Amino acid sequence: MEITVKPKANLLFSSYLLLFVIVGNQVGIGVMGFQRIIFREAGHDSWISVIIAGISTHLVAWVMLKTLDLYGSTDLYGIHEDVYGKWLGRIFSSLYIAFLLMGALIVLRNYIEVVQTWMFPDAPAWLFAVLLLFLMVYGVSGGIRVIVGFCFLSLFFTIWMLLLLIYPYQYAEWIYLSPVMEASMIQLLKGAKEMTLTIVGFEILYFIFPFLKEKEKAGRYTHLGLLLTTCCYLLIMIVSTIYYSEDQILQAIWTTFMMFNVIQLPFLERFEFVGISLWILAIMPNLLLYTWAATRGMKRIFQWKQKHALYLFTIVLFGVSIFLNTRLKINALNDFSGKFSFYIVYVYPFILFIIAWFRKWLKRKI
Amino acid sequence: MKRRIGAAGLSLFISATLVITGCAQQKILDKMGLSVVIGYDRVDKDRLLGTNVLHQFDPMASESVQIVASTAYTSKGTRDKSNLEMAKKAVSGQLRVTLYSEQLAKEGIINLVDTLARDPTIGARVFLAISKGRAHDILKHRYPEFGNIGTYMYQTISQNIEGESMISPTLHDFMHDYSSVGRDTILPYLEQRGKEGNELVISGAALFQQDRMVGVIPTKEVFYVKLLRDRFQAGSIEISIPREVLGKYMKVSQKKRGNDPIFLVLDTLSSSSTFKLVDKNRPQINTEIKITGRLQEVSEVVDLSKPEIIHKIEKAISQAMMNEGNKVIAKLQKLETDPIGFGEIYRSSVRHSNLTRDKWYEMYRDAKLNLKVEMTLVRTGVIE
């Protein structure tokens, strides 16, 4: 396997689109109900946890970019091979592929759960799985440029929903934010850690990096994207805190959608139905990017055809998502993946950077 | 290659769409009975009487509403039982008001409200209300002056909330206050009045301790609760001030009318309040309220062109509001209910208070809650 990747010029895309990729892959399923997990730790100071989590993403993304810069133009699979050698590298890369698939699985399964709870309680899960996976196969077959284009559209189709926070804001009670900083630093950090599931997604940087036209501009757009996501989350968190009482947040499963409950328009009694249906546009980038990165791994490590890997993964995703059929199992999956992602997304990049940097340094010495 | 996927994709997409629409439960308007109001009463120790007011979509029907009642052990149980005697399926997507009888409310209604909050087809803006007497009687009664009790009841409540004479009693507000540590719910209290009970009136507000009703206050006192709990933006009130305040400015003929108070009507009221926790061990909260408004009516002829008279009136109004307000607060303390949310003020000003409901009720009982009001008359209409 070649360590450096030099995709054909017609596959490259402009760097500013990286912003949409980062936001598209971060915003997905977590934002529908991240409030209560953080509230459990940090209470009404959760918004501070959101800021802390946001800042940490900048730090991690910076390290990721530094690691990638050491090689010029490569992806995580190339770095793994260089750092760990052929066999160990393959094992690490396979683990990462499993992690990526888990990301796709979580998005898929949680979205189906939301649709079933709110809109079609009597429609079977497999049907939605088939529909979503079909769209996913269609998108991933189109290649990276199609996926990036979709991310671009997806942001514009969903970001206006932030304006809807005006409705719950009418019921706002600012008193619920005070006293500020009642939670201890440890609680705030714990809360920030619970943000993991919601805020991850920017690790896609590792895979998409070689496809950028101007690689030196990657940092700027990555950080802009991360900032945008953090601002959205912060806004949602603050509005939820002042709209709900603490116990209400702790009970609500999909707090963000629950807030839509208060919107009543003359021509549309219940807005959630529109919101949830449109949310498919926000979760598709997750599905597409994660699966694409995973199939790309199969191609890079095992020289599979990307198409074959895609079919295999689709069947796996379908099977597992059918198996996870109750709220309890889904919660267990979310909890597990939250913990797992924390180490993979937050801790691992630092370790990888140190090893990679050390190797480069050794080579230069010799 | 790409085109093949496109064609196959399109056909699969269309078939999947067809299959999905076939799978989901259909909801055809003609086959639905839309619940607008649901009333609940206690029948015996553990059975409920649910009264469902449904909209009729049948142009041939002589009445625009249908009323179905049935008894069961749970609220959703009554709905299922009601379906047995209906040609159309009852659905709750258009539910506007749920009415609970006073008797039921005194036992606690959280399990009935919780099921509303749990149901995704019900919006957060459904109103909750308490009925004096049985909810069934109010809903079942044929009112000659209005045909559709369902929409009428909804509009009565919503009109009064918009006019700021009632505190918003939505499902969201109930659940919010119920799960807050330091604030209690307050809901409109409806009763039938007039000859043969042909009128439906909001006669006051029901006070709650969590989900248990503990008392009623008349609408006049609701004003003060609202003043302290929310902000006024366009409310109005009738208030009385003692006659001697304006005594020397009145004509001799008017002075002779004895000692009846003078009545004033203020409207376009807007208020802002500041709360200050002075003592946290034995809670003392000082509240300062600033109100501005327009003097709309005075029950006596008074020369309003002189600034000193206006100042006198302002002072008298402030004093009257302060007295009334403090009385209402004392009453609420006695009933051990905190619809104003002093508990939240305590919680938000004391770090690490770990306030719980029980703790707060204990403190609330003998907390010192002082109210100060400052009234400014902005204008007095088009003539002085």
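Don't overthink the numbers, they just go from 1 along the chain as shown.
Yeah, the Cβs are placed from backbone N, Cα and C, and that goes for glycine too.
What you are looking at is a predicted structure, and each value in this text was computed from that prediction instead of being measured.
According to TrEMBL:
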TRANSMEM  A:12-34  transmembrane segment
TRANSMEM  A:46-65  transmembrane segment
TRANSMEM  A:91-111  transmembrane segment
TRANSMEM  A:123-140  transmembrane segment
TRANSMEM  A:146-167  transmembrane segment
TRANSMEM  A:195-212  transmembrane segment
TRANSMEM  A:224-244  transmembrane segment
TRANSMEM  A:273-293  transmembrane segment
TRANSMEM  A:309-328  transmembrane segment
TRANSMEM  A:340-358  transmembrane segment
May I ask whether the transmembrane segment (A:146-167) has at least three C-beta pairs under 8 Å with the transmembrane segment (A:309-328), counting pairs 6 or more apart in sequence?
no
Take a look at A:12-34, A:91-111, A:123-140, A:195-212 and tell me which one has the most Cβ pairs under 8 Å to the transmembrane segment (A:146-167).
A:12-34
To the transmembrane segment (A:273-293), which of A:46-65, A:91-111, A:340-358 is linked by the most Cβ pairs under 8 Å?
A:91-111
Dominant neighbour of the transmembrane segment (A:12-34) in A:46-65, A:91-111, A:224-244, A:340-358, by Cβ pairs under 8 Å:
A:224-244
Which stretch from A:46-65, A:91-111, A:340-358 shares the most C-beta pairs under 8 Å with the transmembrane segment (A:224-244)?
A:46-65
Determine which residues of the chain contact the transmembrane segment (A:46-65) at the Cβ level, with the cut-off under 8 Å and only residues 6 or more beyond its ends counted.
35, 38-39, 177, 181, 183, 188-196, 199, 202-203, 205-206, 218-219, 222-223, 226-227, 229-230, 233-234, 237-238, 241, 345-346, 349-350, 353
